[in-house]
């Protein structure tokens with residue numbers, strides 16, 4: 001590329017600029033209009049209740065107003081095994097569905113509560129206590145009223161299940177209450193049950209069909225304990241996040257005055273934090289020596305929902321210690337080899353500190369980006385849910401005996417007067433699934449794909465808008481010859497206005513390219529998930545290569561876009577021109593890019609690590625009751641790692657938000673610095689715009705010009 005030539009009229013971000021990439025701007029507006037139309041159509045046809053609430057065999061929601069089941073509150077799913085088959089048949093697996101299945105055929109009913117006992121219809125009918133039969137009747141179809149009807153006819157007409165078993169509520173459905181006591185599988189404290197046909201069966205026959213249900217129940221128990229931990233520790237978690245926010249802000253403010261000292265202190269503190277982690281892991285490893293069960297390997301233990309079990313194994317602490325040692329050694333080696341370049345990085349950080357100090361509102365700008373991203377996520381998620389629930393209820397013919405209409409679609413309102421009931425007396429028109437035959441239903445998958453694509457496009461556009469705004473504000477600082485006197489009054493708002501007014505099309509262009517690559521990556525991940533069970537090694541290898549290539553391509557495009565947005569903010573050129581100029585500018589200074597920019601990124605990473613590590617260690621000592629001053633104040637928890645991990649993740653996000661502003665500032669100043677070196681030579685006609693500290697570091701001077 002050709003270096004920029006001296007322009008006597010150039011004084012920083014150009015104000016007299018025109019609109020760029022108008023075609024992409026129009027395309028984005030049309031896409032947003034189409035996205036809104038898709039959302040309105042989805043909200044018109046969709047019904048999220050299909051995901052949340054169970055339905056009966058007629059497709060009616062349980063316990064919802066305006067339905068026959070209004071006074072039957074939606075309850076968890078109840079599955080009974082297939083007991084209406086031929087004699088001698090074993091119970092079949094529990095079908096995986098969202099409904100209340102009470103017999104073998106897909107008949108589903110709404111119940112007010114789950115069964116709490118073993119009971120067969122024959123025993124309930126023959127009982128001398130009318131209450132038994134009345135209790136059983138709540139698990140029959142709503143139309144069943146005749147309690148004197150012969151039991152054989154009731155079962156033949158599928159009005160009641162042959163048996164009920166004790167069940168556990170979960171997500172408005174009923175699951176068999178399977179539990180293990182001393183290695184014995186039991187349901188309702190019983191190891192056998194009556195199948196309703198006079199045979200005793202072992203409850204283990206229910207186990208295979210309820211395996212998935214048990215996993216769900218165990219997950220639910222884990223989730224409930226985690227939820228309990230959040231209810232008693234949420235305010236302490238907020239306090240931890242506030243501490244992380246204050247620490248990040250103080251750290252950035254101190255960088256303005258003590259950048260050199262803070263960087264070296266940060267490096268030493270990170271090494272000390274990792275060193276303490278290694279020491280703590282060793283102490284825990286040594287303390288478990290000789291304790292019963294501590295020598296069990298992780299492979300032998302397998303996955304456990306109670307993660308505290310792993311902390312009682314020596315191998316766990318040994319693995320932690322090895323990982324921390326490797327990280328410690330890598331960081332020390334990097335610091336040794338890059339020690340001469342750290343001083344240059346410190347100079348850039350000091351300059352960025354001054355720029356942020358003059359534009360303090362830039363620290364709050366990530367909140368605006370975060371808010372817009374939340375809107376994008378909320379709109380995408382709600383549209384996806386409404387699209388996925390836009391299908392109509394499909395009814396099919398079900399019957400026990402052979403019938404030519406079996407499996408065909410039907411309409412409940414006209415089924416009883418159709419020829420089907422005449423030719424197949426035992427046939428029933430029951431709800432089967434959600435679907436549709438209209439053009440809208442056929443293209444639902446296309447609309448879902450468009451929804452995902454628009455989410456990536458708009459999310460990348462929001463991020464690009466934030467980057468251009470910050471770049472424009474910090475560029476106005478660098479190109480001010482007398483800092484801060486020559487800066488505009490409101491540099492951040494001015495940059496934001498220029499970005500939206502003139503460069504919406506360029507931002508749309510850059511984010512569109514990135515969105516296309518991300519959608520391709522998502523598609524490849526989906527294909528990889530579908531091919532996991534396949535044995536085609538060549539296809540898996542090819543897919544892995546494609547995933548790697550597109551991952552690298554996405555990283556490169558993000559890097560190129562970021563620098564292109566800086567050039568757009570400064571010069572007001574279109575996306576392609578800005579990307580080309582930024583790329584060749586960086587290539588002409590590739591050594592400086594590799595050393596200065598990346599060393600600075602590494603130091604920012606250490607800053608995040610210090611803040612997150614410090615707050616994480618503080619949270620660890622607090623929630624494990626190891627701080628004597630507040631030992632009684634800390635809440636009692638099921639899993640102390642729940643609030644600790646929450647604080648660590650939240651602290652990282654907070655620190656990342658603060659340091660992202662700093663990172664954009666350093667990148668902008670660095671690109672402006674390279675432009676300054678190419679445009680100017682320090683003479684009276686072409687003075688440098690860089691700060692005195694940078695000129696001193698690079699041994700540059702402005703001849704015949706007083707220093708700013």
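Placed from the backbone N, Cα and C atoms, the Cβ positions cover glycine too.
Just so you know, TrEMBL annotations never went through curation; they're auto-generated.
Among the residue ranges 295-316, 317-338, 383-404, 405-426, the one that TrEMBL annotates as transmembrane segment is 317-338. Record note: among 234-254, 528-548, 675-695, 234-254 is the stretch given as transmembrane segment by TrEMBL. The transmembrane segment annotation in TrEMBL falls on one of the ranges 359-381, 428-450, namely 359-381. Ranked by the number of CB pairs under 8 Å to the transmembrane segment (234-254), the listed stretches 261-279, 500-520, 599-623 are led by 599-623. Between the transmembrane segment (599-623) and the transmembrane segment (261-279) there are 3 or more Cβ pairs closer than 8 Å, counting only residues 6 or more apart in sequence, so the two stretches are in contact. By number of Cβ pairs under 8 Å, the transmembrane segment (564-587) is matched best by 454-479 from the list 21-43, 359-381, 454-479, 639-659. The transmembrane segment (359-381) makes contact with the transmembrane segment (454-479), as judged by at least three Cβ pairs under 8 Å among residues 6 or more apart in sequence. Among residues of the same chain six or more beyond the transmembrane segment (454-479), those with a C-beta under 8 A of the stretch's C-beta atoms are 10-13, 28, 31-32, 35, 352, 354-355, 358-359, 362, 365-366, 368-369, 372-373, 376-377, 379-380, 487-488, 491-492, 494-496, 498-500, 503, 507-508, 510-512, 514-515, 518-519, 561-562, 565-566, 568-570, 661, 664-665, 667-669, 672-673, 676, 689-690.
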